[in-house]
Amino acid sequence: MSSSNGPTNVGGVPSPSKEMIQPSGSNGDDKLVVLSAQVSKDVITQTDTETESELHDHEVSSITGGPYDWRKEKKGAGGRFTDDGTVTFFWRAPHIDRVGLVDWSAGLRRIRRKSSEYNAKRGLIAVVSVFILLGVTITPDGPFLRPHPAFWRFIFILSILYELALIFLLFQNANDARLLLRHVDPKLGTLLEEKSYGGNCFIYDPTAPGDPWHNVVDKFDLFVPLHFFGWWLKTLVLRDWWLSWVISVMFEILEYTLEHQLPNFSECWWDHWILDALVCNGGGILLGMLTLKYFRVRTYEWRGLWNIPDYTGKIKRVLAQFGPHSWIEFDWKPTSSFGRWMAVLGITFVFLVAELNTFYLKFVLWVPPGHFMNLVRLFALLFWGAVGLRETFQYLDDSECKTFGRQSWIIIAIVSTEFLIVAKVDPVTITKPLPNHIATFWVVGLGVLALWTVWNFFISRFLFEELGPDVSEEKFSRRRRRRRIAMFLLNNRPILSKPQLKKLKEHKYSASSASLLDPLFQHWWNWVVKQLPLWLAPNLITISGLIVNVLTSLIVIYYSPDCQQEVPGWACYLCALGLFVYQSLDAIDGKQARRTNSSSPLGELFDHGCDSISTVFVSLAVCASVQLGSAPKLLFLQCFSAILLYYCAHWQTYVSGTLKFGVIDVTEAQIGIVILHMVSGYFGSSFWSQSLLSDWNVPRCYLVSAVAMVAALPALVGNFHTILYKQGAGKNGSSIAGTSVISPIVPFSLVLFPAMMLAGNVYTSHPVMYIATFGLIAAKVTNRLVVAHMTKSGMDWLDSSLFGPFLMFVNQCFNTPLPEDILLFFSLAWACIDLGLYCGKVCIQICNSLDIHLFRISTGSVPAAQKLGKKYSI
């Protein structure tokens, strides 16, 4: 390549088998690093030899702790990459120059005298052609070699031209900007009618007996395969399963957010989450990950065509020219450092804005959705994004790469300029205010994201700094002071005593299961856990599932605060999905712990604590979904039966030492609730308020409640049979802590009886808030029972969380001088704060005692479990 920045030449012949990796945006004075492991002897210079020697002697370590070995990449991709150094004719840059000049001279000979407008267009085309030709021949090579470095230089020059065109368009008024596009297509510049995909959202439309599935059929147009194919390519660009899914789900949320601005974003719930998110996005992501797996395990061996004896090999070699030259797997590690976290957030933000620009540009510039300009732009963005993300990853992961990639800068400029064009051409559309509930959602979501960022990267790491095995006494003392500060902030009085912490270290998890569905779901759980990165902490998986479950449950409760209102179908489906996600993540956190060699008693406690909270919200959400609030007493009985059942399961564990799952247990209950939510989404919540038979005035929700009670009865009876009639695991048949086997009944009774006695007008007015208050108090009592079991200690009968119900009791004794609803709200807030403080203090104490982290895997855990050739037992 005739470039001062190109490969080192010997005798005027370049070495095409060398992939020159420069720090992105570097100039010609930077040192070149040879990638190929095998290069022809006649093209190896002394400079190359010295460079490799210096690289070998220089200790390279990524600042960000990246997973990729860049030294090995620069030496030959770890033995899976070879190149015989064959020099092909068209690889030589001088020939590219000559081909371009011949084409340019031929163009000059075809010029004839025409009108001024014609000559102006020809002159503009000539300027662009010369710019592209010069750019292709003099710009440095990028990170990609196939099908030819000149192709990727051409792609880079196109991105510059596109940015220049956008800047020119930015300085036009709205009418002129639309008219300019007529030079590309005379049919453009006409106001379009924006199509809405919402309206009738019935999957099966009984009002159209001739074609009841017309709503589904109408959605399957040309854009469905394009959508699928697009996400396949996007996954190849991102090279990460979780980042692809995050961007996919976030864009669907953005469509909900902005449907008041663009009618095109208005879609049915099943169009959003089933057709788009699961079928098109999910299918494309799955195919993309399979393609990435092929590229990852493939051996890259490059030979010239004349060195391949058979024609089949030659054909394969020609086709391989359009694949990657070598392969680098992206492991973004977003939580490994604050810089990486912000980089991944930035990548997600730019990706989403680029997606939104697609819809807004065609809307404000009046370009039809199926116009070729939209497809050309999308494909160009994929090419630019592939180079940009490769540069970004190397910038984050390679300590020798000091500058941000030039293609990455151009992409940021393009996305920003497109947004400015939208804002200038149609400021009215883009400034339409968000609905209140949408604005509240984003404020809460961004607030939680900001708080988690501050906690995880600043407060947590300041207080719980991780120390290596060779830590100095000064650093160790500093960390102890920081953790004491944390305990002081959460109340200086420790919850667990030293004997309890000692017993906790000796605790071993014991469980038995006779579940019907667990063996069937093991295949799904094993597959899911293998998709997780090894840096992902098990407790982070658990808390993520809980957050999803609670948020989706709160959406249902929001629409039916008294469990009697109609809940939108999409909310029921979303709640079903949230519960299934929680069930899956809750099942794989232990597998991830064993996979990463990070199992600890804290993981068991954290898992059970999240389950106790989830039980409250899942019970309320399903009662709202089936409109069980029409029978307040039955609502109370149903919710507290679920809470009691969970408490009794750990009660018998406290007695026997083994957590036992029956034939019909938690997995069966969760799947049954998922089905109930889906039925409510399809038929509507009012379906459950209708009578089962015309002769019986019994709503269907009563039957659902009765079936649930009967199904839970064997587990409840089995637990009490173990507690009362079987010998306990302690001394003389006592509990595992040596206490009475029936002693845990007292703490729970102090929650259940006040809940029954205080349920009057305040319960009738606010049933969900009332059950949530006492449910969270019961969740704390359950957590204390789990701690007592794991530390082999007794339980205190009274609990600080009962302060709120005590105030409500005193208020009723004095004929309610204070409004009961205010006291109820205070009791709920107090229960939440008290539960949070208790869990936080216990987790910090255990982390200090075991010298581990809550949401991070300690140093040494993953490497110990990631030995070469080791198969994980999950």
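Cβ atoms are placed via backbone N, Cα and C, with glycine included.
Of all ranges given (631-651, 736-756, 820-840), TrEMBL attaches the label transmembrane segment to 736-756. For the transmembrane segment (703-724), same-chain residues at least 6 beyond its ends with a Cβ under 8 Å from one of its own Cβ atoms are 626, 628, 634, 637-638, 641-642, 644-645, 648-649, 651-652, 655-656, 660, 662-665, 668-669, 672, 676, 688, 692, 741-742. Tertiary neighbourhood of the transmembrane segment (768-787): same-chain residues 495-496, 500, 557, 561-563, 605, 608-609, 612-613, 615-617, 619-620, 624, 635-636, 639-640, 643, 646-647, 650-651, 654, 744, 747-748, 751-752, 754-755, 759, 762, 793, 795-796, 799, 801-802, 804-805, 824-825, 827-828, 831-832, 834-835, 838-839, 842, selected by CB-CB distance under 8 Å and a gap of 6+ residues from either end. Contact between the transmembrane segment (150-171) and the transmembrane segment (241-258) is not supported: fewer than 3 Cβ pairs lie under 8 Å, counting only residues 6 or more apart in sequence. Across the candidate stretches 341-360, 409-425, 540-561, the maximum count of CB pairs under 8 A to the transmembrane segment (437-458) is reached by 341-360.
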